[in-house]
Amino acid sequence: MSDPYYPDQPLEATPKRTLWGKIRRIIWDDIQDPEERAFVRRLDCGLMTIAMLGYFVKYLSQANIANAYASGMKEDLNFKGNEYNTLLTMFTVGYVIGQFPGTLATVKVSPSIWLPTCEVIWTALVMSCAAAKNVHTLYGLRFIIGLLEASAYPGMLWVLGSWYGPAELGKRVVMFQATSSVGTMFSGYLQAAVHSGLDGVGGYKGWQYLMFMDGVICMPIAIAGYFLIPDIPTRPNPRARWYLRDQDLKMAIARMERYKRAPTKGFTLDIFKKTMTSWIPWTFFIPYTCFVVGLGSYAYMNLWLKATPPWKGDVTAINVIPTGGYALSIVMSLVYAWSSDALGTRWPICFIGGFPPLVGNIILSVWPAKNSTKFAGFFLNFTATPIGAIMLAWVNEIMASSGEARAITIGFLNTSAYTINAWAPNLIFPASQAPHYKAGYKVTTAFFAIWIVSIPIILVLLRTWSIPKYQQDEVVEEEEGAPKSINEKNSTENERLPDLESSLAKSAVISGVDGKATEPQ
């Protein structure tokens, strides 16, 4: 019998942990080897810092439209009918178009070049929104911003999956996702502050100052990405070598070989066909799309506040009150992340996490008379945010045997989900019906019900159907400036590398039902 954290050692040979060590293992990491612990810390300080900051500014610039719309932009640019929905759709259309090619470009070009460059350009365009004289100008700007932002989430998720092991990835992916709530919260506070302090100064409105301030915050973070994103272990970013030493890169390669996280070898038609003809992307497509479309159910809270006394006309309250929901989302992100990595598998959190938003949407679908009950419905919907990231971490681990397959699958899931999300909100939540939508919350209730039902179906398929197998025994070509690949196991290092889902060492996937695994064909 072996310890799931140290699968190569018998249980009695594993180091004993103190109570604090056991708690620390759940909350963050309890890596026994000091060299590996130092490496993961360096990785957290560099990669996780820029990943979280980058996603923070993505949502800071993405959420500003909703805050600006509720803070005077609607009246200043003379929005009519469903033009607000159309504006959101233009962003989503650009986001959809950019998803798949952007993800592949991240792998092909280099994450440390592609992702920061996109961020620099979209930041400049966000600031340009302040100069828009009509909604049609905003249509064009938001389309291009969506196109450029499309790579940020799947691209960085792919990078994280190239460095962290299964015992570490879940909590970090969810914390990465949680920064979207921080960005949205901060946008609300920032809009409230500039509206009360700068509205009308120099002839500019408060919502225009929001665009300016977003640019000032985003641009330095975008530039920092060139020096902090490390690319992948076998092709490291030379500008990030100031915090990743040669021994760190050697350890990174050894860890990825242990976890069977295959390095990139180049996209081929065979890999694309094998990935897209397998059942995995198409099966995960259903629940993930339901999540993406259903997640938007909390986004209409500020429109309800804007139309409801006593908050009607109170710009500060309209922008600040929803931030409580984003704070709840951050708390649930931490809870779900700790639980996911402590359990050593993703499906229980995906399954359980679907119930709070299901209840929240049921509440809003009946549209109760009491405002306090509506608040409960909206806030329960905010808790859904982290479960999508946990599902993608699950997919990352299932497709661990090919770096390209991981990128293709994640890119496909995001592209297909946002393709539907580009037009679905216009039908489900038409602006002309705000804030009480006839079908909106009934439809999103059904989506979260489908999410919940899909999880046990996926578990059954993991036990009964084959997972694509990609060539793993090819020698990785040595890249210029990269350390040589470690193909032989180093018993001193490897036996101390933690691995919650030890069957990944054989490219198997924990089913989560009874501990059995499905071997790839």
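FYI, residue positions are counted from 1 along the chain as it appears here.
Cβ from N, Cα, C; glycine included.
The feature domain 'Major facilitator superfamily (MFS) profile' is assigned by TrEMBL to 47-472.
Annotation source TrEMBL lists transmembrane segment at 87-107 (among others).
The annotation transmembrane segment is assigned in TrEMBL to 113-132 (among others).
Taken from TrEMBL, the feature transmembrane segment covers 144-165 (among others).
The transmembrane segment annotation in TrEMBL covers 207-229 (among others).
A Cβ distance under 8 Å defines the sequence-distant neighbours of the transmembrane segment (279-300), meaning residues of its chain 6+ beyond its ends; these are 66, 322, 325, 350, 357, 360-361, 364, 378, 381-382, 384-385, 387-388, 391-392, 395, 398-399, 408-409, 412-413, 416-418, 420-421, 424-425, 428-429, 434-435, 437, 440-441, 444, 447-448, 450-451, 454-455, 457-458, 461, 465, 467-468. Under the heading transmembrane segment, TrEMBL lists 279-300 (among others).
The feature transmembrane segment is assigned by TrEMBL to 320-338 (among others).
Residues 287, 294-295, 297-298, 332, 336, 376-381, 383-384, 386-387, 390-391, 394, 436, 440-442, 444-445, 448-449, 451-452, 455-456 of the same chain, all 6+ positions outside the transmembrane segment (350-369), place their C-beta atoms under 8 angstroms from a C-beta of that stretch. According to TrEMBL, the transmembrane segment annotation covers 350-369 (among others).
If you look at the transmembrane segment (375-395), the same-chain residues 6 or more away from its ends with a CB under 8 A from one of its CBs are 157, 161, 169-170, 173-174, 176-178, 180-181, 280, 284, 287-288, 291-292, 294-295, 297-298, 301, 304, 322, 324-326, 328-329, 332-333, 336-337, 340, 346-347, 349-350, 353-354, 356-357, 359-364, 368, 406, 409-410, 413, 441, 448, 451. Taken from TrEMBL, the feature transmembrane segment covers 375-395 (among others).
The transmembrane segment annotation in TrEMBL covers 407-424 (among others).
What TrEMBL lists as transmembrane segment is 444-462 (among others).
Summarising the annotation, TrEMBL assigns region 'Disordered' to 474-521.
According to TrEMBL, the compositional bias 'Basic and acidic residues' annotation covers 486-499.
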Folded-back contacts onto the transmembrane segment (113-132), same chain, C-beta under 8 angstroms, at least six residues removed: 54, 57-58, 61, 64-65, 77, 102, 105-106, 138, 141-142, 144-145, 148-149, 151-152, 155-156, 204, 207-209, 211-212, 214-215, 218-219, 221-226, 229
